[in-house]
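Down below is the structure, laid out as structure tokens.
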Amino acid sequence: MGGEQEEERFDGMLLAMAQQHEGGVQELVNTFFSFLRRKTDFFIGGEEGMAEKLITQTFNHHNQLAQKARREKRARQETERREKAERAARLAKEAKAETPGPQIKELTDEEAERLQLEIDQKKDAENHEVQLKNGSLDSPGKQDAEEEEDEEDEKDKGKLKPNLGNGADLPNYRWTQTLSELDLAVPFRVSFRLKGKDVVVDIQRRHLRVGLKGQAPVIDGELYNEVKVEESSWLIEDGKVVTVHLEKINKMEWWNRLVTSDPEINTKKINPENSKLSDLDSETRSMVEKMMYDQRQKSMGLPTSDEQKKQEILKKFMDQHPEMDFSKAKFN
């Protein structure tokens, strides 16, 4: 049997022919055997039974290949499903532990008083932190942080620092991302186990809505960028947390927010090492590794890979021309 390239040689012609058969594969096969009967001696040219034997052998060969391809596809899908489920479970567990979730039950006076006290304490802590940053309070050990803040671009000031998953921990939900996908966990504090009929999850190419039926949605906005709806999914973890998995269309981009109404994260502080490089193809992986290297070099004030190449070329040129004086030369 021929190789894959040989097999695909006539695909264009056969596809055009198949498209003209309204009866589908059955009509196409009938046309092919009609051609063999009318234009060749396939059925009568050899020994008795040879034509049938050839047909059976050919069918068995391609049937085995088709069954093998189907098994491999199912195995890949099962592996991907299991990995997504494990990732969603881990994210849900973290969200359940770290995020209080939206309150949908009526608070007692005691709970309301305690909640207000926590809010006031948080505001005091934030004001204290602002004073430290503005220099109105002296704080030992803050010099390095202040220097780092000074070095930050003006346009990046005020942006959130990414969480360990290169996303954001927000009051009502948290999300993480890799270059190719994004995972979201929305915890709900309810007195019953959530079921599919209790929640509303609507994933569109550029819009996402998540919430409980009869309640205002927790998320209802335009996504930062487009996603593959057919490869995205959602499920309920532990009866309390809704997790959503989104497949990005642009797999060479870090999102700075989930939906456009969210606060931005500083993508310059993203750590690509937290992403699964093993999931990327070789070309994309090499590009990401280069990005990681250049990011580390910049953070240490060292030249990037491109700058190093330029320096090496310049050094070779200078070594080859010792008679030239480069002491007053300026290089960009």
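Note that the numbers count up from 1, one per residue, in the order the chain is shown.
Using N, Cα and C of the backbone, Cβ positions are placed for all residues, glycine too.
Annotation source Swiss-Prot lists coiled coil at 60-129.
Residues annotated as region 'Disordered' in Swiss-Prot: 65-108 (among others).
Swiss-Prot lists Thr108 with the feature phosphothreonine, giving similarity to another entry as the kind of evidence.
According to Swiss-Prot, the feature region 'Disordered' maps to 121-172 (among others).
Swiss-Prot lists Ser136 (among others) with the feature phosphoserine.
What Swiss-Prot lists as phosphoserine is Ser139 (among others), and the listing cites similarity to another entry.
Feature annotation from Swiss-Prot assigns region 'Interaction with EML4' to 174-332.
Swiss-Prot lists Lys240 with the feature N6-acetyllysine, giving similarity to another entry as the kind of evidence. The DSSP secondary structure for Lys240 (N6-acetyllysine) is coil.
Per Swiss-Prot, the feature phosphoserine maps to Ser261 (among others); the stated evidence is similarity to another entry. Its Cβ placed at the centre, Ser261 (phosphoserine) has 10 other Cβ atoms within 10 Å. Look at Ser261 (phosphoserine): DSSP puts it in coil.
Residues annotated as phosphoserine in Swiss-Prot: Ser275 (among others).
Among the features that Swiss-Prot reports, phosphoserine is placed at Ser278 (among others).
According to Swiss-Prot, the feature phosphoserine maps to Ser286 (among others), an assignment based on similarity to another entry.
The phosphoserine annotation in Swiss-Prot covers Ser299 (among others).
Positions annotated as phosphoserine by Swiss-Prot: Ser327 (among others).
For Ser261 (phosphoserine) paired with Lys240 (N6-acetyllysine), the C-alpha to C-alpha distance reads 24 Å.
Counted within 10 Å of its Cβ, the other Cβ atoms near Lys240 (N6-acetyllysine) come to 18, all protein chains included.
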